[in-house]
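> OK, Swiss-Prot features for this one:
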type: BINDING; residues: 141, 178, 179, 187, 211, 212, 213; note: ATP binding site
type: BINDING; residues: 248, 260; note: Mg(2+) 1 binding site
type: BINDING; residues: 248, 260; note: Mn(2+) 1 binding site
type: BINDING; residues: 260, 262; note: Mn(2+) 2 binding site
type: BINDING; residues: 260, 262; note: Mg(2+) 2 binding site
type: DOMAIN; residues: 104-287; note: domain 'ATP-grasp'
């Protein structure tokens, strides 16, 4: 197969591993800088150009699209889909999961367990919003944030009111979530490929911190997940329409709660912690399931 990897940086661990795994299995793998690919949209034959030449002959595309380039990255991926190239994750599914609010609404509609979450526009509604999520302590999240940036834990209702007001004053869209104390600053990252959880790790926040992101100094360890957690992760990825996803789950007193479904999960933490060849399993998934013109939405999304 000829596989394109959409990535801003060929030196990133995840990108390097996908190239290695693809080449080891006899495929040609080309890394394409997402922002340097440009499109001829209004032609009978949809084209993508890169450094002055059309990109042609690809069988599959692996999108590693950073949150900051979601809009442009999805447009490039859609163009590949219109050419009949098989995407590891579809543009529609990526856009869906990147909109945190929409993602939670879809998960909620399908009965997937979530922390109680509130969303409001007017400062007048702040007191009721806080009551809605069972009061303080509570977590405030900026909708555009990644890697734990723009996430605040408010210990008191007074602090919560001040922080929510400040964000609203800055015209920042935020959501307010109940704080799951019993999770103890830990979450579980389930790595879903197809309809299986192929690897899982526990991420523990460093002392004095509540965000367990590895980018924020959290530590990772092996964990055995329960059948219910496994089912929840697989369902969450399915609701989003993602073939490959990192599903972040909290252990609460009333079962597993999904915090986020990540469409471009990093491979470094999960491979180092579990010792599994996650990149190889992703390439195997493409070999089994890839093929021309198999995009469910046919790039119309």
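Backbone N, Cα and C atoms are what each Cβ position is placed from, and that goes for glycine too.
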> Taking the Cβ of residue 262 (Mn(2+) 2 binding site) as the reference point, list residues of the same chain whose Cβ is under 8 angstroms away and which are at least six residues distant in sequence.
97, 245, 246, 247, 248
> Taking the domain 'ATP-grasp' (104-287) alone, what is its mean pLDDT?
92
> Looking only at Cβ atoms, how many others are within 10 Å of the one on residue 211 (ATP binding site)?
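Result for residue 211 (ATP binding site): 20 neighbouring Cβ atoms inside 10 Å.
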> Work out how many Å separate residue 213 (ATP binding site) and residue 260 (Mg(2+) 1 binding site) at their Cα atoms, rounded off.
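Counting only the Cα atoms, the answer is 12 Å.
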> How many other Cβ atoms are found within 10 Å of the Cβ atom of residue 260 (Mg(2+) 1 binding site), counting all protein chains shown?
19
> Name the residue among the binding-site residues 178, 187 whose Cβ has the smallest number of other Cβ atoms within 10 Å.
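Per-residue Cβ counts within 10 Å for the binding-site residues 178, 187 bottom out at 178.
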> What is the interatomic distance between the Cα atoms of residue 179 (ATP binding site) and residue 260 (Mg(2+) 1 binding site), given in whole Å?
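So the alpha carbons of residue 179 (ATP binding site) and residue 260 (Mg(2+) 1 binding site) sit roughly 15 Å from each other.
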> Only counting partners 6 or more residues apart, tell me which same-chain residues put their Cβ under 8 Å from the Cβ of residue 141 (ATP binding site).
100, 150, 151, 152, 174, 175, 176, 177
> Given residue 187 (ATP binding site) and residue 260 (Mg(2+) 1 binding site), what distance in Å do their CA atoms have, once rounded to a whole number?
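Answer for this pair: 11 Å between alpha carbons.
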